Amino acid sequence: MAPNTSTMDETGLPVERDFSFRILTACFLSLLILSTLLGNTLVCAAVIRFRHLRSKVTNFFVISLAVSDLLVAVLVMPWKAVAEIAGFWPFGSFCNIWVAFDIMCSTASILNLCVISVDRYWAISSPFQYERKMTPKAAFILISVAWTLSVLISFIPVQLSWHKAKPTWPLDGNFTSLEDAEDDNCDTRLSRTYAISSSLISFYIPVAIMIVTYTSIYRIAQKQIRRISALERAAVHAKNCQTTTGNGNPVECSQSESSFKMSFKRETKVLKTLSVIMGVFVCCWLPFFISNCMVPFCGSEETQPFCIDSITFDVFVWFGWANSSLNPIIYAFNADFQKAFSTLLGCYRLCPTTNNAIETVSINNNGAVMFSSHHEPRGSISKDCNLVYLIPHAVGSSEDLKREEAGGIPKPLEKLSPALSVILDYDTDVSLEKIQPVTHSGQHST
């Protein structure tokens, strides 16, 4: 066997292998950055181009999220990618500004996700109150709070060097001074106080809020789906019972088991959607923030507890930034945005126009169960076919009639929010945009 004569670089890897690894890293990171840029740019362009997307207050939060993720792709990811490929930080004193941008943009992205979850919970739990109070001004206030908090925990501590810890051990094991290490790697070791406090504000508190809100959303949606299914069965049952034979005898009414299966299918879709939202977010950011709180407590050697090698830490960092490339897919891929994207990309006629059978079930203040169903080809204007079934009041008591005459809700519908509309897409996944509040007249608010 011929002796191995390949040269080794400073990392101990063969030069050929190190070069190939750098090429693969460059390709992967370039694709990640480009996908993040494309996705979030499309969201921003769609909102600027199409007025109906700007008319929905909920989309204000999606826009803010897209802007924060776009800034991650412009101000944060490219600089770190160059450093990863080069093997050192080539931008000198820009390190501190870059660190501040990193903290600000990442925090803004996470806080915007938190605001979206609170907005959806409020819209579903208190639709009448949401419709009155969630104005564009209120939305701008929430967005301003998220961005202000992101700036406060990033630029001020970084510029005043409050975030730095006194060095106890080198990250690469061979530097002679803190300044030289930061100039070469831009790997500033955070102080324990700043690491914990910033992690609480940037991740742990928001993720706790998101878990509570999305769990509550699922419970509300589950109850609404079951009650609406019961009302569907009651409406069909009442309609069938009014059918008579030629002899004037009523036809025997029967209940179908398909409604129970449909109810289970709807609940499963809602659960799957919420699981994807939380699962992607937690999987992307949790490893980084766990390690971010562990590293400051690391001892003088990397082999001690709480110590994480620099390669693993960098992988966790990129996992977190990858969330910015996935957010447009999760939060902006409803029917409205899909049509806008198709138009912007010029594939309005080339994209497949699969039919989406959509059924809208809403209940107005008069106790009427409204079913709106239509087949909506992508890129076309939907044509609704509305069927209104009024639950017969004869099944209620005289107290129910008094409630109706007084403008109230019949007792069987009392626990069901009269302003909640659940839109169920049988061919596509359920999204949070498909659970919308409606006005007093039973019409969907925009």
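Just so it is clear, glycine is given a Cβ too, placed from its N, Cα and C backbone atoms.
Some features that Swiss-Prot has for this protein:
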TOPO_DOM  1-22  topological domain 'Extracellular'
CARBOHYD  Asn4  N-linked glycosylation site
TRANSMEM  23-48  transmembrane segment
TOPO_DOM  49-59  topological domain 'Cytoplasmic'
TRANSMEM  60-86  transmembrane segment
TOPO_DOM  87-95  topological domain 'Extracellular'
DISULFID  Cys95-Cys186  disulfide bond
TRANSMEM  96-118  transmembrane segment
TOPO_DOM  119-137  topological domain 'Cytoplasmic'
TRANSMEM  138-162  transmembrane segment
TOPO_DOM  163-192  topological domain 'Extracellular'
TRANSMEM  193-218  transmembrane segment
TOPO_DOM  219-272  topological domain 'Cytoplasmic'
TRANSMEM  273-299  transmembrane segment
TOPO_DOM  300-312  topological domain 'Extracellular'
TRANSMEM  313-337  transmembrane segment
TOPO_DOM  338-446  topological domain 'Cytoplasmic'
LIPID     Cys347  S-palmitoyl cysteine
LIPID     Cys351  S-palmitoyl cysteine
MOD_RES   Ser441  phosphoserine
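A map of Swiss-Prot features onto the structure.
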residue : record               : CB count, 10 Å
Cys95   : disulfide bond       : 20
Cys186  : disulfide bond       : 22
Cys347  : S-palmitoyl cysteine : 12
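Taking every recorded stretch in 23-48, 60-86, 96-118, 193-218 and counting its Cβ pairs under 8 Å to the transmembrane segment (138-162), the highest total belongs to 96-118. Each residue contributes its Cα atom, and for Cys347 (S-palmitoyl cysteine) and Cys95 (disulfide bond) those atoms are 42 Å apart. In the predicted model, the topological domain 'Extracellular' (87-95) shows an average pLDDT of 89. Of the candidate ranges 23-48, 60-86, 193-218, 60-86 contributes the most Cβ pairs within a distance under 8 Å of the transmembrane segment (96-118).
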